[in-house]
Amino acid sequence: MKTLFFATSNINKINEVKQILDIPKIKIEIPQNFDIKETGKTFKENSLLKAKALFKILNNKQPVFSEDSGLCIEALNMEPGIYSKRYDQYKLGKKLDNNEKNHLIIDLMREKNNRTAYFICVISYIDVDGTINNFEGMLKGTIALNIDYYQKNGFGYDPIFLTTNNKRLSELNLEEKNKISHRGIAFDKFKKFLMQFLD
């Protein structure tokens, strides 16, 4: 059994990732109270930052992986981007709940004709010997004109993101979402990479 340590404390990410990386002989462990300041300028930099921090915490002896992801909107100069999780504080200097954050995006997009947006995910994996591999995934879509208040699934910006078949991410169950999402695509690449080293 190979144990991988996932550098996150986000329960939503943990649930999505555990479903995708459901591989026999691989166990995913979550560190307790893991919280690293994301000071990178790109998704890749932030992902590496988290992976390297956890690798160091585990005395450079355990395989670790991390991911950084976010929403990039063309009409907003690719914001929220790396600030997706804390866009409220970046833009307004105060903390908002998920619905309020989605309202902020809808308001900023009110006069915009170009509603093209992308969800981007970068995974960084550090093996026991210190070798680093990165995996990327992207989902293209558009920003909706309003919020799905009846969301049954998803989290974050899912209620305002329309996929190319005009469905909100919040309308999809976890299995459906993982088949098309940025995170699903990136972790599928990571999964294929890991499978090479299993008996």
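Glycine is no exception: its Cβ is also placed from the backbone N, Cα and C atoms.
The active site, proton acceptor feature in Swiss-Prot is assigned to D68; the stated evidence is sequence analysis. Annotation source Swiss-Prot lists substrate binding site at T8, S9, N10, I11, N12, K13, S69, F155, G156, Y157, D158, K177, H182, R183, citing sequence analysis. Sequence annotations record features per position, and here Swiss-Prot assigns Mg(2+) binding site to D68 based on sequence analysis.
Annotation note: D158 (substrate binding site) sits in a helical segment as assigned by DSSP. Classification of the residue listed as 'active site, proton acceptor' by DSSP places it within a strand. Summarising the substrate site geometry, the residues cited as binding it (T8, S9, N10, I11, N12, K13, S69, F155, G156, Y157, D158, K177, H182, R183) extend over a maximum Cα to Cα distance of 21 Å. Between the CA atoms of T8 (substrate binding site) and the residue listed as 'active site, proton acceptor' there is a gap of 10 Å.
Listed in sequence order, N12, L71, S84, K85, N98, K101 are the same-chain residues at least 6 apart in sequence whose CB falls under 8 Å from the CB of G156 (substrate binding site).
Long-range Cβ neighbours of S69 (substrate binding site) (same chain, at least 6 residues apart, Cβ-Cβ under 8 Å): F43, S84, F119, I120, C121, V122, H182, R183.
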